[in-house]
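A.B. asks: Features from Swiss-Prot:
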REGION    1-50  region 'Required for homodimerization'
REGION    60-98  region 'FliD binding'
Amino acid sequence: MNHAPHLYFAWQQLVDKSQLMLRLATEEQWDELIASEMAYVNAVQEIAHLTEEVAPSTTMQEQLRPMLRLILDNESKVKQLLQIRMDELAKLVGQSSVQKSVLSAYGDQGGFVLAPQDNLF
């Protein structure tokens with residue numbers, strides 16, 4: 001049985017999923033990116049299964065090489081965008097922690113909560 005057309009189609013689907021994930025990361029659609037990750041992992045597993053059954057010919061490997069490069073480039077870009085997002089989130093968590101510490105230390109003075117008033121006079 002010739003698996004070449006099915007293998008090529010599986011790789012094309014992986015390219016499509018990879019491009020979708022890059023677009024979602026670029027557009028900062030983080031929830032959608034996470035939701036699409038399982039389909040990407042499943043596509044990778046399908047390719048692994050197909051290549052375990054029958055190793056692709058040298059000709060097929062040459063045809064698949066540009067797809068693999070594109071997938072790896074997309075994955076690298078997604079990782080960079082995710083790192084930027086993680087740094088942003090770490091900064092926000094740090095700011096929140098500082099605010100909580102300040103409120104804890106200075107927010108309750110003598111039983112009264114300090115809050116700005118509209119009219120002081």
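Note that Cβ sites are derived from N, Cα and C of the backbone, with glycine treated the same way.
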A.B. asks: Using a Cβ cut-off under 8 Å, which residues of the same chain at least 6 positions beyond either end of the region 'FliD binding' (60-98) come close to it?
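C.D. replies: Distant contacts of the region 'FliD binding' (60-98): 4, 7-8, 11-12, 14-15, 18-19, 21-22, 25-26, 28, 30, 33.
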A.B. asks: If you run through the region 'Required for homodimerization' (1-50) with DSSP, how many residues end up as helix, strand and coil?
C.D. replies: 44 helix, 0 strand, 6 coil
